[in-house]
Amino acid sequence: SHSTSRQQNQPQGHYGLTSPISLALPNDVDHTHTQKLIEAMKPFGVFEDKEELYQRTTVLGKLNNLVREWISELAESKNLPPSIIERLGGKIFTFGSYRLGVHTKGSSDIDALCVAPSHVERSDFFQSFFEKLKNREEVKNLRAIEDAYVPVIKFDFDGIEIDLVFAKLSMPTVSDDLDLRDDSCLRSLDIRCIRSLNGNRVTDEILRLVPNLENFRLTLRAIKLWAKRRGVYSNIMGFLGGVSWAMLVARICQLYPNALASTLVNKFFLIFSKWDWPKPVLLKRLEESFLNLPVWDPRVNPSDRYHVMPIITPAYPQQNSTYNVSTSTRAVMVEEFRRGLEVTDEILKGKSDWSKLFEPLNFFQKYKHYIVLTASAFTEEHHLNWIGLVESKIRVLVGNLERNEFITIAHVQPQSFPGNENLYEQSGYVSMWFLGLVFKKVESAEKTNVDLTHGIQSFTDTVYRQASALNILKEGMKIEATYVKRKQLHYFLPAETLQRRKKQRVSDISQGNSGLQCKRSSLGESCSDSSKDRDSRAPSNSSLLNKISKLDPCTTETDRLYVFEVVCGMQSLISWPNSKSQVSPAEMEASVALRTSGPPIGCTIPGYNTVSQLRTCFVQGHHKLSGTLITDPKSAAPKQHYSPTSK
């Protein structure tokens, strides 16, 4: 039964939340379904073994000793008395999946927090401690992201991936029995330290607020596995991260304190498929504190009223953990909640089994229209920094696209894909992301031009400016935005990745009446007076167009394309007329215009400024542009263009 002490921790009527729902104790059927759920999850490695647990514990012990050693050495360099140095302390705390107890097999990353006494500055952490890590043989892939919302040092320690954040406390020593749940530890700290501490504080508060840890952990393992398989697990991409999924599961555990995991998973989909967003999800009431730090509260903060899917952290200062969620990503998640409800209802009725819940999303068959975002660099080190920045900004592109009046959904696949051999030879190290688009149905329209110019350009400008500000913009770093239809995806991905239906042969992809509907707009590409003089590693748009046009011959007047191409991506237009007799208004075809360029002014690399050359590309023998944005190719004048790549 639900204890009185637990009931006192539950939200009571705040923001429309109700008190916990009492359920009868689980019966044999619940136990059977839960056991079957466990068996269905085992093949995916969601349960770690003792050897992995021991390895992680050992690594954390070594890292803790390394932190203490560094803090002492730093104190000596700052001439602190020996009597004080002996008592300084310093400690590593964990948070996230590892702290919640839901770490999975083979997933070796650990979120950790370095807590230091008052004499240690943040600059010391990112300089002297970074150098100390750099000199350790067991440390690999070391990189610092100092300008992040929560600044972090990432590295591999004895094969275990560590994300280490930093916080210094306003106290001279850090004792071994320090309790970070006490709000007083936040006193006199800067906002970055508070954010770093919140990871551990939120995790511990979640564990305190759930009625049954075993049921919570098993349910959370199931939901996290489901979210990853269905492509909705990624905070950076605008979906939900680990802590948000944990809070949603914790709320269900509060509402159904006696239920086992099989029932909790079903109730999870039931509750959140019908949740009245943007009504927030809270695990306890919002609390005031003597520290007067800013907390999430739409009654006070107007900006909080625009959050579309608020899930509020339970530790002070309470914040929205889903700030990155957009209208599109919320719509995708709600659709998945509804599917999850249908599937689990079938399972509990004995009409299906748990493996169906974890079937992967067939993303590349889900949409008719896609944008392929490609990030490339000449060296592996530059590529690592570049893709990290690009990935962190993709949600900006999603937001830009969904604000277009003709786009209802912009769905990004969180997983990135490596470029094929041809892309590697042309551009060096390559990563690709895919965005599925749903266009609004337009009634009685012969042709509709969808202009994505501003959204794409705004996104690329943001990335290049950020790279320039961080001083990581190097020669060879490029972004390419490619619009394709579903049947063109095989130019970028192998057939097994596309998960095509059994009846559809790979050889059939090049057949049909689609014609040429692929255009790559290359950003920051090197240009010269002649296409022959371009860098041999830069991809040739003309060769790609010719290749696709040969493989996908136009067979109908409806699908013929008229393409105006500018090599450096200053302007580009893809359009095709629709025939009323062959295309219904509900199946609107979009003419996509991308106006893109390289880095904006102020993001240049000395010695690499080039002037772009205009070039027209006529497809299928047509020399006339179809559309309203560009009417005369000859009227477009060359424009100076700044590029991160050399000739």
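Glycine too: its Cβ is placed from the backbone N, Cα and C atoms.
Here TrEMBL flags 1-12, 507-525 as compositional bias 'Polar residues'. Residues or ranges marked as region 'Disordered' by TrEMBL: 1-21, 503-544. According to TrEMBL, the domain 'Poly(A) polymerase nucleotidyltransferase' annotation covers 16-210. According to TrEMBL, the ATP binding site annotation covers F95, G96, S97, T104, D109, I110, D111, D163, K224, Y233, G242, V243. Feature annotation from TrEMBL assigns Mg(2+) 2 binding site to D109, D111, D163. Feature annotation from TrEMBL assigns Mg(2+) 1 binding site to D109, D111. Annotated domain 'Poly(A) polymerase central' per TrEMBL: 215-359, in sequence order. According to TrEMBL, the transmembrane segment annotation covers 231-250. Look at TrEMBL and you will find 362-421, 426-503 tagged as domain 'Poly(A) polymerase RNA-binding'.
The average pLDDT for the domain 'Poly(A) polymerase RNA-binding' (426-503) in the predicted structure is 83. Recorded residues D163 (Mg(2+) 2 binding site) and D111 (ATP binding site) have their alpha carbons 5 Å apart, per Cα-Cα distance. Same-chain residues at least 6 positions away in sequence with a Cβ under 8 Å from that of K224 (ATP binding site) are, in sequence order, V46, S97, V102, T104, Y233, G242, W245. Excluding D109, D111, D163 themselves, the residues of that chain whose CB lies within 8 A of the CB mean position for the Mg(2+) 2 site are, in sequence, G96, Y98, I110, A112, K154, E161, I162, L164. Largest Cα to Cα distance within the recorded ATP binders F95, G96, S97, T104, D109, I110, D111, D163, K224, Y233, G242, V243: about 20 Å as a whole number. By a simple count of nearby Cβ atoms, those within 10 Å, the most crowded of the binding-site residues D109, D111, D163 is D111.
Cβ neighbour count within 10 Å across all protein chains ranks F95 highest among the binding-site residues F95, S97, G242.
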